[in-house]
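Database features (TrEMBL):
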- 65-83: transmembrane segment (TRANSMEM)
- 162-188: transmembrane segment (TRANSMEM)
- 194-217: transmembrane segment (TRANSMEM)
- 224-245: transmembrane segment (TRANSMEM)
- 265-289: transmembrane segment (TRANSMEM)
- 310-332: transmembrane segment (TRANSMEM)
- 352-373: transmembrane segment (TRANSMEM)
- 394-413: transmembrane segment (TRANSMEM)
- 459-483: transmembrane segment (TRANSMEM)
- 495-518: transmembrane segment (TRANSMEM)
Amino acid sequence: MNLAPGNLPSSRTVMFNREIDVQNLKELQDLPEKRREGRAQEIRSGVNFLQRAPRFPANRRCVDLPWVILFLLTVLALIVFSATSIDDLQKQSAEPAEPRVLAFQGDVDGYEPVQYVDDGFGGSPDPSYDAPISSGDGAPFERDGPNGVENIHLSKSQAKHLILAVSLAGIAGAFGGLISASLWILAAKTCASAVVYTSLYTVPSIIVLVGIVLLVAGSVQGGLICCLVGVLLFMLVMWCWARYIPFTIEVAQMVAAAFSENLEMVAISAFGGLLGPIWVILVVVAYAACELKLTGNLSDGEGKESSDAFYPFFFVCVWGSGVIQNICHVAYCGVFSRWYYEEEGAPLLKSLQVALGTSFGSICQGTLIIAAISTVETAVRSSRRQAQQDGNMVGCVISLVLECFLSCIGDLMEYFNQWVFVLCAIRGGTFCDSVKGTCAMISCSGMKAVIGDLLIDRVVMLGSILSAIAGAGLAALAACLAATDAGQQLSKADIIGLCSLLGSLTGLISGGGVMGIMSSGTKAILMCWAEDPDRLHQDHGFEDVHEELSNKAREWK
């Protein structure tokens with residue numbers, strides 16, 4: 001927004017859609033005088049950024065480059081370290097363990113024991129053991145193995161069929177999650193009321209049903225607790241959230257309409273759903289290699305606290321996973337913002353260029369803050385558990401207070417960053433400038449009242465749950481078609497159950513990525529409305545939503 005020289009605001013006012021007296025903003029009224037002036041200056045600084053930074057600039061400059069360099073160096077070091085440590089990990093897994101005696105099960109008497117050597121892949125016969133082997137139809141099993149776990153033997157053909165079935169199940173689960181989540185969002189366009197009410201009442205209903213099942217099964221205490229929690233959630237929805245439901249329905253319908261015009265955003269979800277697990281696997285391999293180099297073996301860590309090497313790798317894992325998630329978020333916001341302002345061109349490609357290019361440094365910087373807080377919180381949680389084991393009640397209480405404090409700070413920062421990244425997608429400023437602009441926009445437009453009345457996250461949560469269910473079902477179907485029996489100890493039913501679990505996980509990951517479109521779209525459209533409210537009803541015809549937003553903002557101010 002460019003101001004003419006004769007229309008410059010005074011030091012007490014700023015121009016944001018209209019002239020606003022900063023000192024009379026509602027959020028500043030209860031602050032002490034010194035803090036009020038400092039907060040007012042921060043709002044003016046944010047408004048100045050919004051005025052000088054145009055929307056969707058033709059020539060964006062890359063910002064926050066040091067954080068890009070730091071992240072890329074981290075990725076390079078992780079890949080190199082993992083690649084150079086693969087041989088060591090393979091040697092460790094191939095080292096033979098102590099011989100164990102296995103037997104053949106069956107109805108025929110006179111079976112003789114056969115000694116097997118654990119080779120890391122189910123065991124192999126020891127040629128030096130000359131006990132006779134009787135013929136029979138039984139499958140080998142571990143009679144006295146560690147933790148009572150049976151030792152399963154597969155032929156090459158059976159192993160190939162198992163790998164094929166599991167792979168197909170994972171792909172089918174991810175595909176089922178994508179389709180289910182997409183249909184759930186599209187359903188909000190035609191029957192938003194049913195989608196929102198179902199999202200709000202399904203979880204309490206499930207909890208009550210679980211409680212009833214537990215009561216029937218004889219678990220009185222667990223059943224009563226579940227029923228009580230479910231009833232309390234019902235009361236929360238009916239008494240506390242009832243007045244927010246109509247507004248949530250209107251917003252869900254608006255976001256679904258925008259999504260239906262840009263279905264190509266599902267491709268971004270597929271990208272994030274594929275890259276996220278790959279990053280986690282890469283970090284796990286690097287951590288295992290580091291433990292091997294430090295300790296000389298890969299212990300199961302049973303009963304032990306995390307080693308010092310765990311925390312750097314945990315930080316890297318959270319940072320990288322968060323960067324991938326926020327790349328998708330910024331891309332979604334770019335598409336929805338371009339829809340709102342009716343920008344011409346390919347919205348998906350332009351938004352990806354911003355997320356992976358000019359604003360990538362801002363994404364790395366904002367996500368690094370969250371990763372650092374999460375890592376410190378994990379370290380404090382580990383200290384609290386250690387204090388519990390040692391019987392140190394004072395240390396336990398102090399650690400618990402710190403853990404709760406860090407958890408709240410981390411959740412608030414993560415939520416606020418989602419709004420900041422919307423400005424990164426639209427204007428391309430630095431992360432710090434975007435933080436100031438976001439604070440100013442929320443303060444001057446009355447968006448705090450709007451944000452507090454939204455229940456979209458419940459719709460997103462149920463959509464993710466349905467994606468997991470759809471993924472499990474489609475994976476089970478794929479396993480039924482591809483799986484075969486793998487010996488007496490691993491039947492086709494067992495394989496189908498395993499594939500269903502895998503399918504629910506991949507369906508949750510991919511479907512959760514798609515449901516992120518609804519969350520990101522809501523934030524993007526609301527931020528665009530805060531700056532330019534008239535477009536929502538003049539260009540897109542959502543007069544009811546505009547009127548409701550205006551009323552809420554007016555009441556707040």
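Glycine residues also receive a Cβ, built from the backbone N, Cα and C atoms like all the rest.
At the 8 Å Cβ cutoff, the transmembrane segment (194-217) and the transmembrane segment (352-373) share fewer than 3 close pairs (sequence separation 6 or more) and do not count as touching. Contact between the transmembrane segment (352-373) and the transmembrane segment (162-188) is absent: fewer than three CB pairs lie under 8 Å, with pairs separated by 6 or more positions in sequence. Nonlocal intrachain contacts for the transmembrane segment (394-413), taken as residues 6+ away from its ends with a CB within less than 8 angstroms of a stretch CB, comprise 369-370, 373-374, 376-377, 380-381, 383-384, 387-388. Counted over residue pairs separated by six or more positions, the transmembrane segment (65-83) shares at least 3 Cβ pairs under 8 angstroms with the transmembrane segment (265-289), which defines the two as touching. The transmembrane segment (162-188) is not in contact with the transmembrane segment (310-332), judged by fewer than 3 CB-CB distances under 8 Å for residue pairs 6 or more apart in sequence.
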